[in-house]
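Note sheet for the following structure.
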Amino acid sequence: FLPQVDSANAGRVLASDAAVFLKKSGLTDLVLGKIWDLADTDGKGILNKQEFFVALRLVACAQNGLDVSLSSLNLPVPPPRFTDTSSPLLLSGTASSDLPWAVKLEDKVKYDAIFDSLNPVNGLLSGDKVKPVLLNSKLPVDILGRVWELSDIDHDGMLDRDEFAVAMFLVYCALEKEPVPMSLPAALVPPSKRKPLSVPGAMPLIPSSTKESHQSLPPVGILAAKTPLTQ
C-alpha cells in the first residue's frame, strides 16, 4: 500500500495523502480520525513507514469489528480491504460471493416473520417502522444508529427483507454483548447485495436529539423473548 500514498518515495505519508487513501476503506470519518490520532504518535500530521503500518492494522481491526485501540494491534485479523482495484488485497467480487451468509437459514425465517408483521410497502420498511423494533431492544441509541447504518446497505433510507435480517442479526449480537462492527464484514453482506460490495456511509437513523421514551412506543415485544444465536 505504501507506494500508493508515498509517491515521492520519501518513506513518509502526509495527512492529506493518507486521508484520500484511508477513505477507500469504507470506514466513517470519525473512525478514520481516531485511527490517524493513534498512528500519528507525535501529532505532526505525517506518518513514517512504521506508523503507516499501524494505521493499516487499525483499519483492519475496525473492519472486523474490533476496537480501534493500540491493544487491538496484536490480535489476528485479515488484511485491510480498500475499494481500489489495483490493491492486491482487495476482496474480489468472486471471493466475496462465495462466502456463506452469516445469517443462518433458521434465523432468517424468524426475521422474515418479523419483517412481514411490520407491513412492508413494496417489500421495503421505512425507518419509522423499523425504529420501534430497534428501540425495543433497549440497546444504546448510538449502537442502534450504527446497526441502521450498516444494514441500510444501499442507503435508500429503507430496509428490504435481507437488509432487515442484517439489522436483526446485529441487534441480537449486541444483546449477547458482542461488539457491533464499524463496517459490515463481507460475510454479513447479503448475497443479493454483493455485486458490487457497498461502502458503508455515515447516515444515522436515530438522531441523538430524539427524546422518545420506550413507554410511548408501540408494544412490539418481538425482541423481549430473545434466544441466543450462534455465530
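Positions of Cβ are set from backbone N, Cα and C atoms, glycine also.
Just so you know, TrEMBL annotations are computer predictions that nobody has curated.
The structure displayed is predicted, hence computed values, not measured ones.
Record features, source TrEMBL:
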DOMAIN    1-83  domain 'EH'
DOMAIN    27-62  domain 'EF-hand'
DOMAIN    107-195  domain 'EH'
DOMAIN    139-174  domain 'EF-hand'
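Counted with DSSP, the domain 'EH' (1-83) comes out as 44 helix, 6 strand, 33 coil. With helix defined as DSSP H, G or I and strand as E or B, the domain 'EH' (107-195) counts 52 helix, 6 strand, 31 coil. Per-residue pLDDT, averaged along the domain 'EF-hand' (27-62), amounts to 84 for this model.
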